[in-house]
Amino acid sequence: MFKTALRNVLAHKARLLMTVLAVMLGVAFVSGTLVFTDTLGNAFRNQSSKSYDKVAVAVTTYGSRDDAEREPGVSKQTLQKIEKLDGVASATGRVDGFAGVAGTDGKLIGQGWANKGGNFAPGQGGNDPAYTFTQGSGPVEDDQIALDKDTADKGKYAVGDTVRVATNGPVKQYKLAGVFTTEDGQVNAGGSLVLFDTAVAQELYLKPGYFQNVSVAAAPGADAQKILGEVKPLLPKDASAKTGQELADQEAKDIEKGLSGLNQTLLAFAAIALFVGIFLISNTFTMLVAQRTRELALMRAVGASRGQVRRSVLAEALVVGTIASAIGFALGLGLATGLRSAMGAFGAKLPDGPLIISATPVIAALAVGVFVTLIAALLPAWRAAKIPPVAAMSSVHGVATTKSLVVRNSIGGVITLGGAAAVMAGAAAGKDGKMLIGLGAFLALVGIIILIPLLSRPVIALVRPALSKAFGVSGKLASQNAVRNPRRTGATASALAIGLTLVTGLSVLGVTLGSAIDKMTTDNIKADYMVQMAANGSGLDKDVLSALRKAPGVSAVSPKESSYLQLDGSGQSVAGVTPGDIEKVINVEPVSGSLATLGQGQIAVDDKTAAKHGWKPGSKVAVEFADQKKGSLTIGATYKENEFLDSVLAPTSVLDPHQTKPYIPQIFVKTDGGATSANEKALVSALGDNPAISIMDQQDIRNEFGGMINTLLNIMYGLLAMALLIAVLGVVNTLAMSVFERQQEIGMLRAIGLDRRKVKRMIRLEAIVISMFGAVIGIGLGSFLAWAIGQTIKKSIPNYALVIPWDRIGIFLLLAGLVGVLAAMWPARSAAKLNMLTAIKTE
């Protein structure tokens, strides 16, 4: 039987092409993902291991925003004590934070989130072992810096040039003392690195005389564990110390964990592509079995058992799956290389390393490809084995019985109703119904797929009159051909429906979230401008607040300082604000008392928090500040709960004495005359044209959130593209094999007067009808599931209200129609080129 299967594959290789392509693309996605993440993981682990090669012990503190009383890091005196320990060759103190470099065009260089600054820490020889200088030397004066080579090249800076650098305060000018290379992970990710003299870095990021981290190098023969034991007692509270090997191992685990998440995400989309491919493969084998009915019947007549016929079809699937998987794996290697290059093109400088091809992706590629192909061919093989020899030999094509469709429709109806009920129940349960919605969505999708053959006749019948009127005989024949074999149409449309269900669901959710954020911005922000760091989420300096208050045209300014307090033993997030200005820049609705008159020792709480704890204006509450100092505060006012604000508001004068460096993520500014170009220029000028600080009006805020949502959606669309491509191949495959199957019919139509142009039109219209049918099912189901998911997040986002993006849905429908036109090009041309006399005598 295997020889027979091999001959059949070779005999029908053209008709199996689309099946091979579908499996090949799915397997390429799987193998490419596994090889890419293996390669990335190996490169990062090697880089991490090298960075800790000469580190015996590493000390880490959390200094930048600690309290004012405890030590913010490792002091210079403690560092000197560590250096004097037995077995210690050297101890290097490090301090770092955000630093943005302005290019000659005034714009920020590098990926903002990865930009940072640090200290140049030369050893006895005057060199810092972490950096290799290619030009000049390290900074040793207050007005000097050094830049990594990539940043210097992008900014076209040379040693001796003046460079504008911003941290979280005003822009300052420095002389470039040197250019260096580094294996720093953030620089490799596209960020910039600025080195300052140690004293300057400490002043900028921490506190003079203190370090956030310390790297200890061991003398030859010294034991790292012994050094660790002697270092720990010298450290301040909350500091941690580990050996270099422990840190390398921990970082390797973190890398593994991070890549595992990436792996799972990419493999989930690969699974969707393979699932869509099952419909194409099943359709192919179903049509091949129908076209070879006489051949299979003859095998049965000469003694082949049902099992042998079944195994023959499955053996063909095995051959096809193996060949496609092997090609797909090779394509996956190219995909892995391409992904790496693409990330480099977007600014991520990945560590060097060879392509890692382990046994896992090889086995996974072959196993997944063969398994999917066999599963898809199982039902056609079962049907082939059930054809009685005599009945089969008297008919060219096997037809699905009414009974089988009745059973199928009954099963599909039950599953669909069950899925819809689960989705509705999950939606009614709110945020606790996510699992129920997930289960219901899966069941509903499976049920709809089973029911699609039943739905095809009535849905397509709706457009039949319009097609007949607009395109005459071609339109009428196209609509009839589309429903002639409901199973085939259903399988083809299902592939498109799955892809568009996901695409539509994501689009509806994304647009609705964007609308909710727009409304939240409009309803809650009175300020004309919001000022924040441009990229990496670090806080603004108090100097920025002072500069904004002095800017011309500014009428009100309030920070939204982030802190945390224990009030009556309950942890509360707190926003530090300017009492007299907060109501002018944020839409705060007072319930009792006055926010504007909050004084020293007073705070305001939202009405729900106040009701929960029984607080009201005048209530005294016990407080523990960030520095663990205790005291009491008075409730001065209450306000209506606001999703834009924390549960507690406090004057900055209450919080700042208990923090080393207040964390100010945003500052809100109200200007005379509103958001105008003149006012914006005045703010930019007041901040010294700082490239690291973003000044956004309300439209900019909405655009930023909308841009993030659109970026995420575009990534999702890209990942679903493989599934949609396979669905398109399914339409091509169905039409091509349908043309082969209907050669006699097409020849007869040509003989009675249907010209080539009308034959092409008939095939194209059939493709469009099938594609649009699948699109309508997918868009409808996707919108329903998006509504249900929205019910689970409504309470978290009070402004959430379903928005149907009709413009995008219109585009999806147009693209579905275009898919039909493109998919029909080759089959339509083949049908039109048939020799009518040869076709008529074909059996």
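These residue numbers are counts, starting from 1, taken along the chain as shown.
Cβ coordinates are placed from backbone N, Cα and C, and glycine is handled just like the others.
Predicted automatically and left uncurated, TrEMBL annotations should be read as such.
Since this is a predicted model, take the numbers as computed values, not measurements.
Feature annotation (TrEMBL): of 202-220, 411-429, the stretch labelled transmembrane segment is 411-429.
Record note: among 313-335, 382-404, 313-335 is the stretch given as transmembrane segment by TrEMBL. Counting Cβ pairs under 8 Å that are 6 or more residues apart, the transmembrane segment (767-789) and the transmembrane segment (435-455) reach 3 or more and are in contact.
Proximity of the transmembrane segment (494-517) to the transmembrane segment (266-290) is established through 3 or more Cβ-Cβ distances under 8 Å for residue pairs spaced 6 or more apart.
Residue counts for the domain 'ABC3 transporter permease C-terminal' (268-389) by DSSP state, with H, G and I taken as helix and E and B as strand, are 102 helix, 0 strand, 20 coil.
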